[in-house]
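Asks: First the structure, then my questions, so here it is.
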Amino acid sequence: MGYTLAEGYPPFSLSIFAFTTLISLPASLIVRPNPYRWILWVSIVVGDAYLAFTTTHHPVVDYFLGSVYAGSILLASDYILLTEPQKELRLRGQKDAVDSAPLSERFRWGIRLWSSLRGVGWTHEPNRLCAPVSPETSRLEFIRRRLLVVAMNVFLLDAMSIYNRSNPAFLGDGISMADRPWLLRYVDLLAWVWTSQAQMRILHGIVSIISVLSRLSMPRDWVDPFGSLLDAYTLRRLWGRTWHQFVNRFASSHGKYLARKVFRFPPGTLASSLIQLYTSFAMSIFLHMVADFTMFKRWNVGGSHSGKPGIWTRLVGYTWVLTWFVLTFPGWFDPMSRVRFMEIGLNMPFSIILGLWKGEWWQGDL
């Protein structure tokens, strides 16, 4: 099955993408505070809205770019409309605001903020991120560890790709995941999670190695993108602790703005917490809707406990979280499978395992 959903749409424009994401957004963090920064936000919204109607003719690339478009709009909304970054945000150890600093210093500061989606090393860094690398860790030791992480995840992705290619629910001409036996639906869900995590950890590891090796960053600037699966015994903990936190900044900032400045609810109240919670979900929904639309070019696709829970509470929680995803996941994932999202996007096109075992190195198309 070919990727025909995007036929008739204009081709992706690298120049517009560079202007919105690589120029306008960083520029909004570098220029001094002024009443005209909103113009940059408008240019980002208009440019990214246009890009959502373009196509690279590759479903996975379109989906990824759609996530970037939505993320750029929301991040720009945070940094331009809701926040005055140079006055309100600080690096750890930074004493004075950077708005009066010379251009060269503001440039380095702005690029660092722009490239730190999770706020690692900043005062707004979420306290639920994984522990950072020890300051005593040398660059050579950091690179050695990250190479090992990359190698382990290449092996995991290879193993998952072998399973995925034999799974009819993951094939373009296959069946719905909802038609699979119940036990296999749990296995399929975990296979998708491990496939996605392995890909992201490989990319994160490679970028961290290049950045540290070229001395653009320090080992302590790189924190594991995912938390422990043992924390995922409620849906809230899954999204807040186990899954990646790359959207945390703009998801939480919009919720706090609505709760505290629009509705004026005191911090820590139930009303404030609910506003922030549902706003965060709305931000996530918007991001995934734009990603889905960029790929499909249509819109019609697609409990609290006090104290430390005991082992049985967690086991029940793990079962509940997995079952919730088993029931809801097919409606989101099935249309993506039909355009071969797993086959040409997430699976490895080659296999080290099958290559060494059977001599079958090449497994798919790019």
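Backbone N, Cα and C define each Cβ position, glycine as well.
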Asks: Quick one: which of 138-159, 270-291 does TrEMBL have down as transmembrane segment?
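Replies: TrEMBL lists transmembrane segment for residues 270-291.
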Asks: Cβ pairs under 8 Å with the transmembrane segment (63-82): which stretch of 12-31, 38-57, 270-291 has the most?
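Replies: Stretch with the highest Cβ contact count: 38-57.
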Asks: Can you name the far-off residues of the same chain, 6+ from the ends of the transmembrane segment (12-31), with a Cβ under 8 Å from a Cβ of it?
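Replies: Contacts with the transmembrane segment (12-31): 37, 40-41, 43-44, 47-48, 50-51, 54-56, 65, 68-69, 72, 75-76, 79-80, 85-86, 103, 106-107, 109-111, 113-114.
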Asks: In the domain 'Wax synthase' (222-298), how many residues does DSSP put in helix, strand and coil?
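Replies: Taking each residue of the domain 'Wax synthase' (222-298) in turn, the totals are 53 helix, 0 strand, 24 coil.
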